[in-house]
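TrEMBL has this to say about the protein:
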- 40-106: domain 'HMA' (DOMAIN)
- 122-188: domain 'HMA' (DOMAIN)
- 196-262: domain 'HMA' (DOMAIN)
- 330-349: transmembrane segment (TRANSMEM)
- 361-383: transmembrane segment (TRANSMEM)
- 389-408: transmembrane segment (TRANSMEM)
- 544-568: transmembrane segment (TRANSMEM)
- 588-610: transmembrane segment (TRANSMEM)
- 926-949: transmembrane segment (TRANSMEM)
- 955-975: transmembrane segment (TRANSMEM)
């Protein structure tokens, strides 16, 4: 039985938190596998490739060669990665095959070096600028995934970020950046899992001489492998060996050697990204202002001035062959079309060059058609004397409205990422480092950059200031507000040996802490990484939007052409009265206006934003409530949960086992019995073992054992060694208990199965006593010594106060709760009855929990598992939705889909409710996006014109298109108003 396994657990309460990368880690098996199999890998530079047809030709030529096993050709990098059998082919054969296909080839020298057997995959986060819709995202992802050495690529439109897992031995981050830029987008690496590379901003770099001084200082630092100074940005990128030199030492050396003329600061990648985003966002309002200043006069000349006789007559005067009014509109609109609208032409060209289409293509087609027609009509009127109507204002107003929509979209999308910004702002900028003298005594303090804190540093935390790093208290007492990280509103008391979390607020007393985790290892960084990863991920429902976006633009262009042909042919054949097209002078212009409106009003952006914006807001809201979601797919699955499986110990119960009963069934004294059992359990770190030790110590000494934490562990061992007996041959028996030898006699401590299988007879009196304990929700631990039964111990673990209400709440939500435990049937059923769970699975071995989950999944049901994230990892991984519950720092979060930071079961309801509310909002987003296009395109095509006589001008169509994507983003932003469900509401209870 799992909860009677009195052995040390991997990942106990005092263990270090497991490192969690942004996208996890993957072993690079390709290179190792090739080497082991005797394969040879080479990189070949291929010159002359211009398109995908060229890469296909190179791949085909190489694949046809005898001995070639695998080929990957990159058009953007002009490289080919070839894996071949050196016994069947040579380097010269590879070059010859490429040259025979009509291209130049050269084996790169560094590719002849033997590849490493295995190297950990790196994950890098890149900022990608210039993406406007889902089609751009698909294009960038497709390009990245084709790059040799790239394992996985995920791009998010809402954040303009991409995460790439790549093999650094096959491709560098600079090559990835180059590939994105070659595709027509801006790119920059924000951060990487490569921990020994840091970007420093250096103040004081004013002249080239300062740069030379910095170079000289860096050259002298031992352990600094590489450095590159960017004088324009006052930055220096350094690569160093953290085993030889620390980052703080590097920064201090720069300041000391330059006599404080140069000061270095570690750049925060998140703040740097925010700064870049702000610069990018500032371009849109600037373009919008310019477009408005140029478009408003055009609008007045077209709509207002004709009604003012004096101005109208002036505009009809000629300047050469041109009317002054028409010439002014041409000049103003040309600046809007080709100066302000340049961004649309560039983006459309990038998309078309790679065989994809996006919203920019639609804008360019619509505005160019209007502009070209108007320019041609203007020239025709100037030289023929017949002046057909011109529509310069159409292209200018379309561009203005689209930019206005983009500006609103930038503002709205910025608010969707507020959660990340708030989490980043929790980290303090500085820390007070306690300095030691040669004797190890504290001699003073120094304010340092918080990013320079190193593990083992002693730090001073003043009242009202934030804790700079994860660690534990070494001096002082205080209360700390951890609500910003864990969501727990009540301040937590801190004393010596208490753990503290970086970013939390110290309220009252002064604390001295010792840092244990810094940088990406802190809880706050882990939370930020989890939220970022979730916001990067795509929910399965988004595949539909991606597919629609990929075919949307071609369909719209086709509909536009059909609209033009239908109206033009009908007019040419006289199918509608000439009066309909009288205002535009002829049916060609009449048809063209409908066609342009169709192109401009269609909006693929709204579809592309429907899911990612909602997921981004939801994950941020969840983080604020202590519910961390690991991805959009987990968020989507959780809405359909049918079964929620609870572990008993530490999940439904408080996880604070206490001994309530100790009874001896032999002539042994109770004190001697407790000493014997405590001696056996002293080698175990299981919570039940600790409870027995505490009880025995209190029985003998009326005191409390110190908490086992760091240096205090030695003190505890000293106390235990003074009264415990020597133990030999200690061994754990999984699911049963422990056995060892004391005074040359065998002792067994565990459950009924352990005692019986060792041939020990349990007296009837003890059996009855045990049954009574189990029926009252206590766990019985039996003890045998020297082949005879000597006594038993009753342990209880109090239920969490919210357990029964949460179980009832889940039932009201249509979710079926189940309890799975390794404890005996009587205890399990007693606990289940107390919380209101009817379905109980008891005496389940640790590995058997996953089997229970699979049995429930057979009929397609979605199963959630709620566990403590330590010994429940297999079950958490097997469940459709794994929820690791229990206070933040020691959770095996790699196995779970949700991390419930607080040790509170109410967050299970919050997780499911948030998922349901999010996907309800996503469905509404899709409805708005689809309904808009389904309704708007026929109206723009003139479907209502024969009945109402109303025609949608192209500029109005552009305004509608601009506001459609804004409406979807604003719809997602409504999720920011999400509040946790009140249990009284869930239970439909009216509180008087």
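All positions are counted from 1 along the displayed chain.
Just so it is clear, glycine is given a Cβ too, placed from its N, Cα and C backbone atoms.
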If we call contact 3 or more Cβ pairs under 8 Å (sequence gap 6 or more), are the transmembrane segment (361-383) and the transmembrane segment (926-949) touching?
no
Intrachain neighbours beyond the transmembrane segment (955-975), with Cβ under 8 angstroms and 6 or more residues off its ends:
363, 366, 393-394, 397-399, 401-406, 408-409, 412-413, 415-416, 596-598, 600-603, 605-606, 609-610, 613-614, 616-618, 621, 917-918, 921, 924-925, 928-929, 932, 936, 940
Where DSSP helix means H, G or I and strand means E or B, what are the helix, strand and coil counts for the domain 'HMA' (122-188)?
22 helix, 24 strand, 21 coil
Looking at 389-408, 544-568, 926-949, which one has the highest count of Cβ pairs under 8 angstroms to the transmembrane segment (330-349)?
389-408
Report, as numbers and ranges, which residues of the same chain sit near the transmembrane segment (544-568): CB under 8 Å and 6 or more residues beyond its ends.
133-135, 137-138, 356-359, 361-362, 365, 538, 587-588, 590-592, 594-596, 598-599, 602, 604, 607-608, 610-611, 926, 937, 941-942
DSSP-wise, what's the residue breakdown of the domain 'HMA' (196-262) into helix, strand and coil?
24 helix, 20 strand, 23 coil
Average pLDDT across the domain 'HMA' (122-188)?
85
